[in-house]
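Asker: Pasting a structure below so you can have a look.
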Amino acid sequence: MTNTVNGVTYDYRTSYGILDYNQAETNCIQYFGGHMVSYINYDEFYHSLSYLMSWGRATTDIQVWLGIFNIQSISTWSNADFSTSAYLRWNPNEPNNVGNAERVGKLFVSNVWQANTVSTGVGNGLFGYFNDVPTDHQLCFLCRKLSTPLLSCNGVLASSSSVCNGQGSCAAQNKCVCSGSYTGLNCQTLMTKPVPSGTLGSCRALIKANNQLLSGYYFINGVYDNNYSGSTSLVYCDMSQDFGGWTQVASIDKVVVGAKTQSMVTGINDLGLDYDTIMVRDRGGSYSAIGWSYRSNGFNTTLLGFAFQNDNSKFYFQAGGPTPGCTHTLNYLPSSQFTLPYGNYSLVQMTKPSGLARLTGIVPAIDGSNLATSSGYCDGGYLNNGYALRIDVYVRKKYTCYGISEYVFGSVCSGRGQCTADNNCVCDTGSSGAQCQIYSCSGIDYNNPSVCSNGNGTCTSLNVCTCRTGYNGTNCENYYCNGVISSNSAGCSRNGTCVAPSTCNCNAGYYGSSCQSWNCNAIINTNSAGCSNNGTCISPNTCNCNAGYYGPSCQSWNCNSVISTNNAGCSNNGTCVAPNTCNCNTGYFGSSCQSWNCNGTINTNSAGCSNNGTCVAPGTCNCNAGYYGSSCQSWNCNSVINTNNTGCSNYGTCVAPNTCNCNAGYYGSSCQSWNCNGVINTNSRGCSNNGTCIAPFFCSCNAGYYGDSCQAWSCNSVENIDPSVCSKNGTCIAPNTCSCNAGYYGTNCQSWNCNGIINTNNAGCSNNGTCTAPGTCSCNTGYYGSSCQSWNCNTLINTNNAGCSNNGTCVAPNTCNCNVGYYGSSCQSWNCSGIVNTNNAGCSNNGTCVAPNTCNCNPGYYGSKCQSYDCNGILSTNNTGCSNNGTCIAPNSCNCNNGYYGSSCQSWKCNNIVNTDSSGCSNHGTCISPNTCNCNAGYYGANCQSWSCNGVINTNNAGCSNNGTCTAPDTCSCNANYFGSSCVQW
């Protein structure tokens, strides 16, 4: 029931029973597009309370869920839409959150009704107050219907990520459109096949494309088997009732109570589908009441409404819409009557009435005869108790092929085709026959002997081979040996071929049911004795020997690269019992028994025999010559045991047989000798024959001698071995006695001569050096010769002036004194007219500067600077040498002016004729310059080619009166019979 107060529409829900808090909130979202009621102010609360009491509840306490909750604090409450609660009316001592479990609110209304108390809001807590309670209480509830309902699907808001199980979208109220391969009302089921394309025209087309689809909302385009072009629509498809394929065309929720009836309930849209069956399902609560109505407006009384007979209600479908003029006789089809059993969720199917073009509405009536026979029937009338019509209407097209519905997918058309029209099977690929009863497997008919891989199975249905025992695969092409497919040799242990189920054809040398066995040396491979217990038998008579073993049966091995049968691999001191494993004899050890000890020390260490012998066997020393004792620890020096130093004259230690280690400075077989400076003590040379050796390295020197070996004495206070002794020019042969070298003289050998002059006078070296030794001059830099008498200028000896280019004198090494006019380090340069000789410009580039201011002119040039030359015997500065028609640019070489030519520019042309030929001026003048004629008297023109007779040019005979020819200036040659200066006479 609904009621609108203060602009808010409420619906008091009782049809679904009492619910817990979460169920009630879900119900409000799902069915009313809103939330459970909470209050904005007292005015809204008052009207809500009045509405509740008007439903006959005044004698009963009312408890109703409130759409409020708290999460953390009982002082903070939110509405079901998460907004802050605006109006709270708590009972005294509430809220109290008993047990920390009371998180939601309820409204309690007392059975004692006092309007004035309610209206004033003053009371004792018994007339409509709030209380907090747990969510699991079971209560009635009020829903707030919004002007724009909240979009939700199955009680979950469309904006929630969990709507439609998170596997679809909420496209319309309670209408999930599933994504991917999910289906069902709430997208709760995953299919193995995807949902068919939304371009299919009906629920029938969808389920025929995928018979796994569950009931739910789908998009169709209003085209049933492509026979009708409509727009895309979201519809509910019933895929469970009678094999599915039902398209919902109406969902009617019409309730009329004690009011004027409406003869037709509209809201049916069959989408233009082609159908032959109509199905009506009661959603719960459809009924009609006993009673009758009458018609007004002057018509005869006609029975209509619902006939409540035997607990069945009757309805009629209407074809078409209301007809103008209140005439509906033809619009209501008696054949469309159906009976809907009373009670929730009842269902009825009926054949589409003939003549029903499109289904558009439904009308309640008592019986069909009244509607069928009444003329002039119009909408109207009254019904005492009314009716409720809460139904869903579905339509479907159904063909039957050979007695089986097209929707019985596993049976119709033998389960191998589709029934596209009555008794018309369209067979799947691979099937044939009127009922698709003939089928094949992989393109071979089921009764062909070669089917299923030549009889490895039986073709029991389309492309389904039932294989014989041991075979499998789509075409029974597979079989196995020991659980492994035949194409994999592992089924025969990779040692044979699987030729039939569990049948191996073994390769040579292999045997056993899976070719798993073979022999090595006549012993089965699982027994390592076939490989001498030293390896693995990996194939017939093939041993894979363990590390270190070899031989065809792994019978051999080595110790230290020597075969086990030869004890040399264990140093002949043990037995080779495994690869590189020796069992050593007593006293021997080591990987090859190569070791033993003498006196606790390994044999390789001679210390076991005191380093005086060889450890030849465990505890046995072979002493070196002269040694004796169990560990070779004793020996003698000069027949005295090593522990007594008298064997070494008490000057050393007996360290080996007859070997004394003498004290420092002593030696000899018994340390009886010593040296002074490397000379035995018995020889005075050890003290340089200048003293006596009285102890090792200790001399007693004679008078005047000193030093460790009496090796030193002095001459003039300089030690005899000092290089500077005797002025470095002699030998100090005894104390203060010098023996001078050849050429040196003086008490200290301090003097010598060069070229007969004492060394202190440089004249002995031509004053160009120093006398450094007898007859030896050390010349200054650049000087040489026995007396430094020579030097060079530019690598030539000073006595040869060519070192100064023969232009000066070499006065010192590489120093020239140049003659007048010459200069340079080797007097190699001079000038002509102030320009260095290497630049010919000093000779006007017409000659060579051969000496200071002296030019050697090239042929034809002359003058001090070679600056002059002639053309045709005339100085170059006078152009007459070039006939005044050019410039003299080199000896006898004229550069002629334009138009002139010839060796002296003496020639030119007039009209391409040389000037000496008067024809260049037509023989009437002189060619005086290039193409310039000086004409004779009376002649004119560039070439003197013209003249006149009597003032008329010679080419015009009018100058001779046209009676003659003008042959020269004012000279006419008259024609015959004419005469006179102008031939005017005849």
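Glycine is no exception: its Cβ is also placed from the backbone N, Cα and C atoms.
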Asker: Determine, on the basis of TrEMBL, the cysteine among Cys896, Cys921 paired with Cys905 in a disulphide.
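Answerer: Answer per TrEMBL: Cys896.
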Asker: Given a Cβ distance threshold of under 8 angstroms, which distant residues of the chain, six or more beyond its ends, lie next to the domain 'EGF-like' (437-477)?
Answerer: 414-416, 428, 430-431, 500-502
Asker: What are the DSSP helix, strand and coil residue counts for the domain 'EGF-like' (437-477)?
Answerer: 5 helix, 17 strand, 19 coil
Asker: If I take the alpha carbons of Cys818 (disulfide bond) and Cys788 (disulfide bond), what is the distance between them in whole Å?
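Answerer: Checking the Cα atoms of Cys818 (disulfide bond) and Cys788 (disulfide bond) gives a distance of 24 Å.
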Asker: Work out, from DSSP, the number of helix, strand and coil residues along the domain 'EGF-like' (601-633).
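Answerer: DSSP composition of the domain 'EGF-like' (601-633): 4 helix, 12 strand, 17 coil.
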Asker: Round to a whole number and give the Cα-to-Cα distance in Å for the pair Cys710 (disulfide bond) and Cys740 (disulfide bond).
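Answerer: On Cα coordinates alone, these residues lie 23 Å apart.
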Asker: For the C-alpha pair, I'd like the distance in angstrom between Cys857 (disulfide bond) and Cys827 (disulfide bond), rounded off.
Answerer: 23
Asker: Give the residue counts of the domain 'EGF-like' (482-516) per reduced DSSP state, in the order helix, strand, coil.
Answerer: 4 helix, 13 strand, 18 coil
Asker: Can you tell which of the disulfide-bonded residues Cys554, Cys623, Cys749 lies nearest to Cys779 (disulfide bond) in space, using Cα positions?
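Answerer: That would be Cys749, the closest of Cys554, Cys623, Cys749 to Cys779 (disulfide bond).
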Asker: Could you measure between Cys554 (disulfide bond) and Cys866 (disulfide bond) for me? Cα positions, answer in whole angstrom.
Answerer: 117
Asker: Which residue, out of the disulfide-bonded residues Cys506, Cys749, Cys827, shows the minimum number of other Cβ atoms inside 10 Å of its Cβ in this structure?
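Answerer: It is Cys506 that, of the disulfide-bonded residues Cys506, Cys749, Cys827, has the fewest other Cβ atoms within 10 Å.
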